[in-house]
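Structure first, then comments.
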Amino acid sequence: MSEENGANFDLSQLRNLVRQYIDQHMYKTALFWADKVYTLSKREPQDCLWFAHALFLTKQFSRAVHLLKSNDLIIKNSAAKYLAARCLYEEKEFKAALEILESETNDNKLEFRIQNGGSLSVDRNSSSSSSSSVFAIHSNNRKLESSIALLKGMIHENFENKVLATKYYKDALQHDVYCFEAFDNLISHNIMNTSDEFLFLQTLPFSQQCSLEEEKLLKVVYGCKINKFSLPMHEKLPSYLELLKENLDFIVCNAEQYFNNYHYQEAFQLASFVYKTDPLHESCLPLYISCLVEFKMKNELYHVANKLVNNYPYKAVSWFAVGSYYLIIKKNEPARKYFSKATSIDINFGPAWLGFAHSYASEGERDQAISAYFSASKIMPGSHLPYLYLGLEYSLSNNFSYASKFYKEALAISPDDLHIRIELAVLGYENGEYKQAELYLLTSLEKIEKIDCNASDIIEPLYINLGHVSRKQKKFDEGIMYYQKALLFNPKCSSTYASIGLCFLLKKHFKSAVEYCHKSLALKKHDTIAIQLLEQALDCLSHSKDHFLLDEEIVYNSKSESRLSSSSIDLSCVSNNPTPSTETLESSTIEMTDSLCMSLDLSSVNISM
């Protein structure tokens, strides 16, 4: 009797147990019973696949590959091929994984499905009575094809082949528009620029794969991640999507938009809300770190970094936070150590590459900084930040032709970026192209007014630069007007008063020149430039104007250099983005050589990624 029952042993209950234990995350128990079912079914392909899947979930990757190979399933079935390749990918055997994916498969039409994350799911409604066909997959199953394309993209990205990675990520989304992992890799890794991202979104076959309601949902959630450089529009959503505004991912997207448009306070408020609600929210962390760097909140950044390292020691963002902390306290050697650790965990984590480069730039190590920024540009080809910083480093090395080349590459990627136009204005100034420099500065001012930005550390240097280029064109009244506007944002800047004094001196309004030089010296009594200007003005007052001949270039016996810095770093990425470029960490410096020009510091963080 027992032998007869054994001959007709129904394994369906045990098979269901395997699925149930997987659903309950009891992977070791699932593995135990998957192994027994595999043996009792005489190594049926469906049971072999579930056994391999349980091995994958228990991180026994090499054993899973061996199991699939020994049963010849890799050459017989696409899902087995995908699972074996995914195991090899987890073992970082990228070349072997790609070889399996590109090998020929004589698919035997087994009827199981595979989900985007790589897990198998049972088709419990299958009408097939054959145990060898219960779990198979048709070769044209779009979700499996999407998973295979996604994995190929991930492998090629690890090979630093961004062109092929982009192709396969796009293929994955064409097969399955719900494949967020492919979409996220395209966007967060800065593989494409913003305009290309918008164009690609329009090509996705939403209407063929989802309902009208789901199509609207996908366009909203994907669109907010692409539209990183516009202020939040707060568009009215359909009633069934209104609750999305409470979703933390949605709030992070809005915070990134504020951050990229220099509304740092609003960005910080939203990022802080998300951080307090979910302290380990992965997409928020780079942005929150950027905000802490922007506001130089060293103590809070220390606590955040400590918490991340304790909870996520295997995540790149944790060590990026540590590196950012050391960077803002100006300890560049340990900063480089931790940024490097972050990139070793995730080679595509752009903010850490930028932070690594910034640590050299802040020390004036031009060659090392340039090399690091070049590496960043290859990792994140769709981001303008590496090219902006390369232009800056070449500018500081007085290689203006290379600087112009990289600034223009950055501008082609991000035409509305404020800092690129300011840097191009500096190059124009250096080359004596004052009209062109003025045009770049005025367009930057229009951008600031358009986005209603009130960041004084951005606007003040912009007005000062406009004052400089106006003075160089002998438009002294305009120069004075711009300098006075700058004083509204920083009324205690001695060098701005000295600049006004110079304009009055060049206009031969010597009494006014003396007045503003005194105001400058009242704020900084040992300012040598203001002292020289005052001496010139007093000397001119003591002589007849008929005998006075003044030229701007001989106001001083020697030239002095001035630097206006416009620091822009993406820690999200970078938000994008990135913002390191995070994303603040000292990065961009505008250098103007002039007989007067002052030294200013403009700090701002720019997220892209």
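Cβ atoms here come from the backbone N, Cα and C positions, even for glycine.
Any TrEMBL annotation is an automated prediction that lacks curation.
Residues 157-158, 160, 185, 189, 282, 285-286, 289, 292-293, 296, 298, 301-302, 304-305, 308-309, 355-356, 358-360, 362-363, 379-380, 571, 580, 582, 585 of the same chain lie 6 or more positions beyond the ends of the repeat 'TPR' (316-349) yet place their CB under 8 Å from a CB of it. Residues or ranges marked as repeat 'TPR' by TrEMBL: 316-349 (among others).
Residues or ranges marked as repeat 'TPR' by TrEMBL: 384-417 (among others).
Residues or ranges marked as repeat 'TPR' by TrEMBL: 460-493 (among others). Counting residues of the repeat 'TPR' (460-493) by DSSP class, helix then strand then coil, yields 27 helix, 0 strand, 7 coil.
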Average model confidence [pLDDT] within the repeat 'TPR' (460-493): 95
